[in-house]
Structures are given as structure tokens and as C-alpha cells.
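Enquirer: Annotation comment: TrEMBL describes 40-314 as domain 'Homogentisate 1,2-dioxygenase N-terminal'. Feature annotation from TrEMBL assigns domain 'Homogentisate 1,2-dioxygenase C-terminal' to 317-470. Under the heading active site, proton acceptor, TrEMBL lists H328. Marked as Fe cation binding site by TrEMBL: H371, E377, H407. According to TrEMBL, the homogentisate binding site annotation covers Y386, H407. Here TrEMBL flags 497-518 as region 'Disordered'.
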Amino acid sequence: MPIVAPVTTTTTTPTKMKTVPGAAAQGGHTVKPTKMDPYHYQSGFGNRFESEAIPGTLPYAQHMPQRNKYDLYTEGMTGNSFVAPRAENFHAWLYRIRPSVAHKGFKRLPDNPDLESNFLPLNPKVHVSPTQLAWFPFDLPPNSQKVDFVDGLKTVAGNGDPTLREGLAIHVYLANASMERRAFCNNDGDMLILPVHGRLDIQTEFGKMMVRAGELCVIQRGMKFKVVLPDGPSRGYIQEIFGSHYALPDLGPLGGHGLANARDFETPVASFEIDQNPWELIYRVCGQLHASSQEHTPFDVVAWIGNYVPYKYAMEKFVNVGSISKDHIDPSIFCVLTAKSKAPGVPLADFLIFSPRWDVASNTYRPPYYHRNSATEFMGLIYGNYGGRSDSFQPGGASYETGFCPHGVSYDEFKKATESDLQPMRIHEGTLAFMFESSMMFTITDWAMNKSGKLHEHEPKMWDNLKAQFLNHIDDINVELENSGLPTLGCTTEGVITTAGNHEPSSTNGTNGVNGSH
């Protein structure tokens, strides 16, 4: 029998450990300043934020006390109808030194001939294009002219009209001067701003944001803001939406995170100034510009509460998803922000980006396949190189395809994609391109078509070598047809290859395709 060692049992008295205090947060998390961005931000998308530049300023457990601390004025702002569903109800409470109503009235300003808001084809100042269009980068103003952000707005394309509360506009801004005691308030729509060259130091009623190339910022309808150019002359793109607000797209099978994560959006913290000097406010209403003067700064909000706020997002943080086996997924996987139209399930606007990522799909034609989409597409480049195009696509330039306009990469890109060894590869390294995509048709402004000096059509010759390679295989095809008991492809006296469908004799009066209904 095996020998079993005796079991010895010992009793150990546990050592009593001393409780050591941990640490507790002293406040909510904020994004800290950097060398290129000196401001603090709160994190999140669609949050109901609170911010106060002087502690204890916000009223306790109510929004409109009989008298605010420090005799501040309560001012409310709504971003939609009062009875909108809670998830879509946007509003803010501002506690400011002087209310916005303290102004000296309005006067109509001369029209900016390059700024458009009505995109109905009945407007003689807009044009329709059935073909692809492209623009080289738009020129900055000459040094001899002082042009700030508002004066430098130029409209390229759009849809609808702000009075209809449905539609959008695409602008560029071309500026070389900071706004001084001057602010802008767009009553027509939300503005998604994309700098390309030079940072924008944007002061809003809610606080300050520094926005660089690679970041987007959204200034929502009715918010006052001012733009300073810390790096000198600046240009970029703007998408303005008339009928709704931007939202994060639903993720569906992706689950709870991916694409643009809510935590990566940044909203300013309260920041105010004391300035009782004259200011000019420019209001845009139904496409018209109006000026209002007042004897105090519009940026005197000491504290605020709400979810109707400006925000920014660094697009390098986008979490790309894609095919890891074969074939393409629809480009909706590149959607950062979306805006609803009045039709359920049909977006007014999708904002898509194309940034560095892995491409690993096997046995797959990897560039965008040749396609005709119902969507209208307007594309721009923030930085880097976006290959496969015929238009010397450069940062600050643009391209446009109307709905169902056939488009795709050049023949050279097609040839490379169909013949290369498909290994996992990084694409768009060091590049950030974007697309404004809409279910709506666009018209193009007179400035973009005739005045900018940068318009050129895509060169159709880029597709000349996309020949009918099918015809090189006629002999092999005829063998297959014969083996299947089907009529072969013949050649008429005019040299047109024909075949008869449904086992009928071939006709020499026209060209028939192979009928697969046998």
C-alpha cells in the first residue's frame, strides 16, 4: 500500500491591516490646456452641462430665481420647439452681466454677393450640374484687403432655404483679419466649421475654443461668436444645416461604442469678460445680414446650464471600422455626425471622414467601386494626399457629384487594384479627407461656377482606358456557351457582336445580350 504522509493542520491569525485613505475627485473631469490650445473643456456629446466662472454663481435647484447672485440677468435659449421629445429638446440658461435685449436696434447691411441661402432652381443665382465638378484651393484675400471671418464667407452649393427649415448650405471662409469688437449670430442654421489652414480662436457666449486643422467645431443656431486668427490668414470649409441639429449616428450591431465616441467631444467652460465699449453684432436672418450695436460685450456670461452648446471634436480620435474578410461595407461606417431630415430614416446631411486605417479585405476590389448613389456628395481635403482622382485634389479644394452621377477612381487606380497582390496595408496615412453627403439634390452658386476662378471639371479622359475587356474573351465565352447548349456570340457585317436570346436565331439589325432565362 502507498504510504500517505500525515496531514498537519495549523491555525494562522490574520494580520490586521490598517485602512489607508484613498483619494476623491475635486470636481468633474475637464480636458486640460496644451501648447496649441490654452483652454479647458468639458467632455461628452449631448450632455446637460453646468459651468460657472465664479463659484457659487449658478442658482440652486431652480433656473430663474427672483434675483440672481451678483445681480446677473437670467436669459434662456431654446434650440427647438418647447414640446420636442426630451431626447431632442435642447436648451440653455445663461447668467450674464447684461442681457442680449440691451441693444440699439437693427439696420440692414448690404448683401454679400458671394453668400447664398436660397438654393431653389428658380433662383437665377444658382446653377444645376449633371456632371462631376472640382475646384482647386480657393485663394486667401490679398494683403491689401482686411477680411474677417464674416466678410470672408463664400457659398459653394446647397439645398432648400432657411425659411423652410429644411436644407443646407456649403460655404468656405477665406479670412486674413481677426474680428475685433464684432460678433456674428447665425439665426438660419447650425454651422459645422472645418479649418484647413490656420487655427481659429473662437469666443462664444459659453466660453472659448481653439480649433485647428483636423478638428471640427459646431456653433449652433442663434449663438453669438467671434473668430480670432492666431496664426494669420486662414481658410476652411463650413456646412450649415437649416432644419435640424447634428447628432451621433446610431451604431446598430456595433454596440455601445465606435466611430466617433461621445466622450471625445469637447464643450467650452464658462468664460466672461467685462467690456462696456461699443460692439457690433452681425445677425444673419433668412439669408440677409443685419447689424446691431450695443454698449457692452456679448461675451459676458458668468455661468450657464444646458445641452444647447457649442462643441468641438478631434477627428484623429475617430474609431474606424471596416471589412475584415471580403467586400466593402457601405460608407456610412465613416459617419462622424448626422442630421435628420423631415423624412424618417433619410438624413438631411451625413458628415463622413476618410482617415488612416488598415485595409485587409481578401479577394476584394479595394478602392471605391464604380457607383451611382442616390446621395449628393461634396468632398474636401483637410491635409495629406487623397489619390486616385483627376483633379489634383489638394487641401482647401473640393469636388462634387450630384445624385446618380457615375463616378469612381481613374483607370490607373483600377488597374493597380485589380492586379496587385492583396496584402494587409495601411491606407490614407497622414491624410484626412471628408465628405458632406446628403439625400437632397444640390444647386451650385454663381460664385462657385463663375467667380471663384477655381472651377474645373473632372477630366473624363481618366476613364478612357476602361475598355470593354469582355471582348477579349469572346472565344472562351463561345466555348462556354456551346458547352451549355446556348447560341454563341456572332459578329455582324458592321462588326457588332451579337447573340440571340431564348435560342432564337441571331438578329443582324441590332445588338442583343445573352438572355439568362433559359
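Any Cβ shown, glycine's included, is placed from N, Cα and C.
Since this is a predicted model, take the numbers as computed values, not measurements.
Are these features on the surface or tucked inside, and what touches them?
Expert: Confidence annotation: the domain 'Homogentisate 1,2-dioxygenase N-terminal' (40-314) carries a mean pLDDT of 97 in the model.
Within 10 Å of the C-beta atom of H328 (active site, proton acceptor) sit 16 other C-beta atoms, taking all shown protein chains into account.
Taking the Cβ of H371 (Fe cation binding site) as reference, residues of its chain lying under 8 Å away and at least six apart in sequence are, in sequence order, P406, H407, G408.
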Enquirer: May I ask for the distance between H328 (active site, proton acceptor) and Y386 (homogentisate binding site), taken between their Cα atoms and rounded to an integer number of Å?
Expert: 19
Enquirer: Taking the centroid of the Cβ atoms of H371, E377, H407 as the Fe cation site, which other residues of that chain lie with their Cβ within 8 Å of it, listed in sequence order?
Expert: P368, R372, N373, E401, C405, P406, G408
